[in-house]
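Q: Here TrEMBL flags Arg27, Glu84, Lys124, Lys442 as (6S)-5-formyl-5,6,7,8-tetrahydrofolate binding site. Per TrEMBL, domain 'TrmE-type G' is recorded for 221-366. Sequence annotations record features per position, and here TrEMBL assigns GTP binding site to 231-236, 250-256, 275-278. What TrEMBL lists as Mg(2+) binding site is Ser235, Thr256.
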Amino acid sequence: MINQILHRETIYALSSGGLPSGVAVVRLSGPHTRSIVEQIAGSVPPARHARLSRFRNGGGETIDRGLCIFFPGPTSFTGEDCAEFHLHGGRGVVRAMLEMISSCKGTRAAEAGAFTQRAFLNGKMDLTGAEALADLIDAETEAQRRFAIVNGSDAHRRLYGGWRQSLLQARAFLEAELDFADEADVPGSVSDRVWDELKALQKMIEAHAAGYRRAEIVREGLSIVILGAPNSGKSSLLNALAKREVAIVTDEAGTTRDLLEVSLDIGGMKVNMVDTAGIREHAAKVEAIGIERALKRASEADLILYLQDATDPQTVQLPERLRILQVGTKADLLPMPPVGKWDRLVSAVSGEGLPQLLDDIEKLCQPLQDATGEILPFRGRHVEELQKAAEQIKAAVANEELDLELRAEDLRQAADALGRICGEIGTEDILGEIFSSFCIGK
Ligand SMILES: Nc1nc2c(ncn2[C@@H]2O[C@H](COP(=O)(O)OP(=O)(O)O)[C@@H](O)[C@H]2O)c(=O)[nH]1
Ligand SMILES: [Mg+2]
């Protein structure tokens, strides 16, 4: 893959997150790692063995006692010599340790994603692997975690590698045909088969690219908007589902005037639920803006919960063509539940109907749950490159009157687009952007 890059500086960072904490992990990577470990922990422990050590500062004073682990390159996370100090997670302890490391020769505080970037540059993982790792760290729900693990394996590189191989073979056929062109007795059927296979490949790439929407929902969350007339119980339902007072509830119409969003974990899926201004005519200015925003957000949502006060149902105009679940509210006030008027009847006060409503949403999420086991493109840049590849193949196939050489060149560009996704080809200019979204210490 990519040759080992020798970094001159040794980077360090607190990798374990917010302080204070029970344990804090300070991590090092680079050529001075051994000498720094010697200075701080007295000597270098056997490779990949945790050793209880006394950590000292430059003046020989004890900073703390903790575990030290040394990971010799190239079989480390970054491919370089790495080490970890496991300290007590006090602010003063960590500060003293970071100060000590920064006073050692050749060290520099790591920028966001710097360890992973070195791992990538040293061929320890490909770009989609690095991006999936960032997703794993950002994962809040079970579905996000699973998706990041599945998509963090080597699967993208194998999938795109296979497609690149097919393109290479197709080019080889075309080039062979070019060589024989003068002899005029090459059977046409060979290249016909190549074009058929390319058409099939193009379809496959397009279908794979279309999976991005599913990946997006798993990563960003399913978007559900609560709509209904004022006082239909929208804010109360949001609070009941969030199990806390997120939205203000009053019996005054027009209390909620802006969008209010909470992230919920429903059956392991991230769901972004949005409470909105009640829809009515003749609203005051601010409220009218709120209503406009509500309708706009609803038109982009994956699901609308359309609420009606079951004791006094008001009808409002909904955006069309959307998935809508009709929900009757305030069920606790009804002496006899009406049959069949709503998909669900709920009460934010007694809690009745809420588990069933959550079930409905979970069922809706099922196809997405299944998507968490799929290998999908999961960044905008993946889809752009896939589309580029598909378009180049399409151009090569369609332009029958074009020189074979030019058509072969289209195929080369398609293969390059696929190669860029995993970072096997020319990605220098996008690395900064990709790794800056990582956290420090990763
Ligand atoms: N009894 C009862 N009252 C409710 C229920 N949900 C909401 N309310 C009341 O209905 C009024 C309007 O509720 P709110 O959630 O602010 O409605 P929104 O305008 O649609 O957000 C408030 O007085 C709530 O206390 C419910 O399930 N049962
Ligand atoms: Mg409200």
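Backbone N, Cα and C atoms are what each Cβ position is placed from, and that goes for glycine too.
TrEMBL entries are annotated by machine, without manual review.
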Q: Could you tell me which of these binding-site residues, Arg27, Lys124, Lys234, Lys442, has the greatest number of Cβ atoms within 10 Å of its own Cβ?
A: Lys234
Q: Would you count the other C-beta atoms found within 10 angstroms of the C-beta of Ala253 (GTP binding site) for me?
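A: Its Cβ shell of radius 10 Å holds 15 other Cβ atoms.
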Q: Given the binding-site residues Asn231, Ser235, Thr250, Thr256, which one's Cβ is surrounded by the fewest other Cβ atoms within 10 Å?
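A: Candidates: the binding-site residues Asn231, Ser235, Thr250, Thr256. Fewest Cβ atoms within 10 Å: Thr250.
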Q: Say you check the Cα of Ala277 (GTP binding site) against those of the binding-site residues Arg27, Lys124, Lys442; which is nearest?
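A: Ranked by Cα distance from Ala277 (GTP binding site), first place goes to Lys442.
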Q: With Cβ-Cβ distance below 8 Å and at least 6 positions apart along the chain, what are the contacts of Glu84 ((6S)-5-formyl-5,6,7,8-tetrahydrofolate binding site)? List them in sequence order.
A: Ser15, Val25, Val26, Arg27, Leu28, Leu67, Cys68, Ile69, Phe71
Q: Let me check the 10 A CB neighbour count of Ala277 (GTP binding site). How many other CB atoms are there?
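A: Its Cβ shell of radius 10 Å holds 27 other Cβ atoms.
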Q: Nearest to Lys442 ((6S)-5-formyl-5,6,7,8-tetrahydrofolate binding site) by Cα distance: which of the binding-site residues Ser235, Thr250, Ala253 is it?
A: Ser235
Q: Restricting to the domain 'TrmE-type G' (221-366), report the mean pLDDT as a whole number.
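A: Across the domain 'TrmE-type G' (221-366), the average pLDDT comes out at 89.
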Q: How far is it from Thr250 (GTP binding site) to Ser235 (Mg(2+) binding site), counting Cα to Cα, in Å?
A: 9
Q: Among the binding-site residues Glu84, Lys124, Asn231, Lys234, Ser235, Lys442, which have a Cβ atom lying under 6 Å from any atom of ligand 1?
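A: Close enough to ligand 1 are Asn231, Lys234, Ser235.
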Q: Using a Cβ cut-off of under 6 Å to any atom of ligand 2, determine which of the binding-site residues Arg27, Asn231, Lys234, Ser235, Ala277, Lys442 qualify.
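A: If the test is a Cβ under 6 Å from any atom of ligand 2, the answer is Lys234, Ser235.
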Q: Could you tell me how many residues in the domain 'TrmE-type G' (221-366) are helical, how many are strand and how many are coil under DSSP?
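A: The counts are 41 helix, 36 strand, 69 coil.
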Q: Give the distance between the Cα atoms of Ser235 (Mg(2+) binding site) and Thr256 (GTP binding site), rounded to the nearest whole Å.
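A: One finds 8 Å between the Cα atoms of these residues.
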Q: Can you tell me how far the Cα of Thr256 (GTP binding site) sits from the Cα of Lys124 ((6S)-5-formyl-5,6,7,8-tetrahydrofolate binding site), in Å?
A: 51
